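Undergrad: One structure, as structure tokens, below. Some questions next.
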Amino acid sequence: MSTNRRFDPNFTPYVVNSMGPKTPERARVVLGALIRHIHDFAREVELTSAEWMLGVEFINSIGKISTPIRNECHRICDVIGLESLVDEIANKIVTEDGVSPTSNVILGPFWSPNAPFRELGDSIIQDPNPNGKVTYMHGVLKDMETGAPIVGAVLDIWQASANGQYDFQDPNQSENNLRGKFRSNEKGEFNWYCYHPTPYSLPTDGPAGVLLNLMDRSPMRPAHIHLMITHPDYATVINQIYPSDDPHLDIDSVFAVKDDLVVDFKPKTDDPKAQLDLEYNVTMALKKHHPNPNSAPPVSSFERFNKASKTQEKL
């Protein structure tokens with residue numbers, strides 16, 4: 001904070017205390033902290049009127065470019081790391097013994113509630129891409145403390161195709177291509193066929209692109225497979241699974257890479273349906289360990305898909 005004595009030390013408390021008695025308590029806490037930090041930021045950098053107006057215009061531009069299927073504010077929060085930070089605050093689990101489950105990361109905007117259930121061993125590839133490398137993905141779900149298999153968990157997987165586009169972005173893909181839900185068996189096992197993921201760039205035609213360019217940062221996202229795992233007794237796990245040889249791991253534009261989510265894809269020679277093999281085991285924590293055990297999983301900004309609307313966005 002600036003120590004410049006020109007600034008009235010009573011101004012910020014005056015603004016915070018202007019909230020009336022009917023303000024909900026949580027809103028009072030959140031808005032009060034927000035006002036204090038924004039005021040401290042302005043004092044610290046001694047924000048000029050021109051810079052303030054530039055910020056106002058930038059915020060306006062976020063709203064102007066957003067549509068029902070393009071949430072630019074969501075993307076801005078991603079590129080400044082806010083969504084990843086909120087996810088860490090909301091979902092980080094560490095027991096008193098220092099035990100943690102498989103890491104949680106951001107959901108991203110392109111999860112769909114409409115993915116169909118498939119049988120173990122099925123493929124989520126409905127529209128083959130000639131550049132796609134078919135992968136046999138398999139693993140076991142276990143309790144992080146006991147190691148017991150977790151039976152009947154729902155594993156919801158989705159990914160972009162080999163062209164870097166999700167199903168509803170690409171008119172050549174059918175609905176729910178590269179999406180599916182599976183249930184773990186009596187041994188906690190799961191398996192299916194998918195693609196080795198493909199890296200892609202965030203859209204750079206809007207405010208997020210302007211901001212990334214200003215900060216001299218790459219818009220690239222490393223290749224990843226999305227996975228959300230739910231069970232009535234366990235805290236939800238949301239993953240993005242990354243190939244260890246992806247060149248963008250250290251410069252992920254949304255700061256979602258975590259060490260235990262980086263995996264090795266290995267050649268597969270004993271299965272005519274797959275070129276690669278991915279073993280990915282997951283540990284889950286009982287809900288009692290979650291900081292907010294009754295919280296619902298996050299909902300995608302684009303939960304309501306409109307198949308008639310095709311865009312060129314990527315995230």
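Here the Cβ of each residue, glycine as well, is placed from N, Cα and C on the backbone.
The following feature annotations were taken from Swiss-Prot:
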BINDING   Tyr166, Tyr200, His224, His226  Fe cation binding site
REGION    287-315  region 'Disordered'
COMPBIAS  304-315  compositional bias 'Basic and acidic residues'
Undergrad: Which has the fewest other Cβ atoms within 10 Å: Tyr166, Tyr200, the binding-site residues listed?
TA: Tyr200
Undergrad: Please report the three-state DSSP label of Tyr166 (Fe cation binding site).
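TA: Reduced to three states, the DSSP call for Tyr166 (Fe cation binding site) is coil.
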Undergrad: Among all the protein chains here, how many other CB atoms are within 10 A of the CB of His224 (Fe cation binding site)?
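TA: Around His224 (Fe cation binding site), other Cβ atoms within 10 Å: 26.
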